[in-house]
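**Student:** TrEMBL lists these features:
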type	residues	note
ACT_SITE	HIS148	active site, proton donor
ACT_SITE	CYS249	active site, nucleophile
BINDING	LEU5, ASP48, GLU53, ASP54, ARG73, ARG120, VAL243	substrate binding site
Amino acid sequence: CRQALRSVAGPEVDFARAEREYQLYVGVLRGKLGLQVLELPADESLPDCVFVEDVAVVCEETALLTRPGAPSRRKEVEAMKRALESLNLNIVEMVDENATLDGGDVLFTGREFFVGLSRRTNQRGAEILADTFKDYAVSTVPVHDSLHLKSFCSMAGPNLIAIGSSEAAQKALKTMQQMSDHRYDKLTVPDDAAANCIYLNIPSKGHVLLHRAPEEYPESAKVFEKLKDHMLIPIAATELAKVDGSLTCCSVLINKASV
């Protein structure tokens with residue numbers, strides 16, 4: 001907990017509580033939603049390795065192993081590579097030493113990619129992503145006041161972008177709207193951190209949305225409650241948030257038949 005990267009100094013992580021929140025998260029995915037969950041082994045030498053989203057971008061049958069922007073995180077890719085190989089995905093490795101890419105900067109809408117250019121992701125990283133997923137348009141979005149693009153936005157439905165209310169978030173959304181040929185619906189929440197949610201379309205369950213808990217962001221939770229067609233599942237992430245974590249950070253969703 002003490003060694004994890006964090007953009008601002010703040011209260012210490014309560015490890016026992018972090019573990020409880022994490023087990024609830026995994027329990028929802030595996031137990032409540034019936035997903036097959038593959039957990040990577042913990043590695044005490046890599047304090048940020050719980051944030052698996054940053055080391056791989058998976059779309060259809062292809063997985064791009066990234067080159068994280070923080071040098072201390074680069075070895076995290078090795079465990080992810082072994083896991084993705086076990087799923088028989090087509091694996092592309094980012095070997096260009098001029099490239100950096102964190103998965104937290106990659107928003108896939110179902111029809112195109114937006115890539116945040118941030119402290120952790122650069123233009124070369126975005127270019128390699130575009131080369132890897134040639135069937136989809138890739139647009140870049142400057143990210144200034146947040147760690148990642150998905151620190152203030154995510155998909156909340158098939159055509160619905162959840163977005164925070166801050167000036168930086170709204171500016172990024174405007175850029176995305178200008179870059180795209182498609183018109184997305186938007187769901188604006190008062191808190192940027194609450195705009196990071198997990199949308200799933202599960203055949204037996206329909207539209208499912210994991211979002212930050214009301215005790216953390218009560219006003220944003222009220223906005224999500226307007227999504228009457230969704231199964232809404234509130235999940236707290238108070239401890240991981242202290243080290244810049246959010247809901248999408250802790251998993252890589254792969255749409256694949258059971259193996």
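Glycine is no exception: its Cβ is also placed from the backbone N, Cα and C atoms.
Where the annotation comes from TrEMBL, it is an automatic prediction and has not been curated.
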**Student:** Using Cβ-Cβ distances, find the residues under 8 Å from LEU5 (substrate binding site) that belong to the same chain and are at least 6 apart in sequence, listing them in sequence order.
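**Tutor:** Residues satisfying the criterion: PRO47, ASP48, ALA70, SER72, ARG73, VAL243, ASP244.
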**Student:** Excluding LEU5, ASP48, GLU53, ASP54, ARG73, ARG120, VAL243, please set out which residues of the same chain place their CB within 8 Å of the center of the CB atoms of the substrate site, keeping sequence order.
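**Tutor:** Close Cβ neighbours, site residues excluded: PHE51, PRO68, ALA70, ASP102, GLY104, ASP244, CYS249.
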**Student:** Among LEU5, ASP48, GLU53, ASP54, ARG73, ARG120, VAL243, recorded substrate binders, what is the largest CA to CA distance in Å?
**Tutor:** 15
**Student:** Which one is it, among the recorded positions GLU53, ASP54, ARG120, HIS148, that lies nearest to the residue listed as 'active site, nucleophile' by Cα separation?
**Tutor:** GLU53
**Student:** Once near-sequence residues are set aside, which residues in the chain of ASP54 (substrate binding site), 6 or more away, have Cβ atoms under 8 Å from its Cβ?
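**Tutor:** In sequence order, the residues whose Cβ lies under 8 Å from that of ASP54 (substrate binding site) (at least 6 apart) are ASP48, THR66, PRO68, ARG73, GLU76, ASP102, GLY103, GLY104, ARG120, CYS249.
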**Student:** What are the sequence-distant neighbours of GLU53 (substrate binding site), meaning same chain, six or more residues apart, C-beta distance under 8 angstroms?
**Tutor:** GLY103, GLY104, THR248, CYS249, CYS250, SER251, VAL252
**Student:** Let me know how many other Cβ atoms fall within 10 Å of the Cβ of the residue listed as 'active site, nucleophile'.
**Tutor:** 26
**Student:** Counting all other Cβ atoms within 10 Å across every protein chain shown, which of the recorded positions ARG73, ARG120, HIS148 scores highest?
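**Tutor:** In terms of Cβ crowding, the pick is HIS148.
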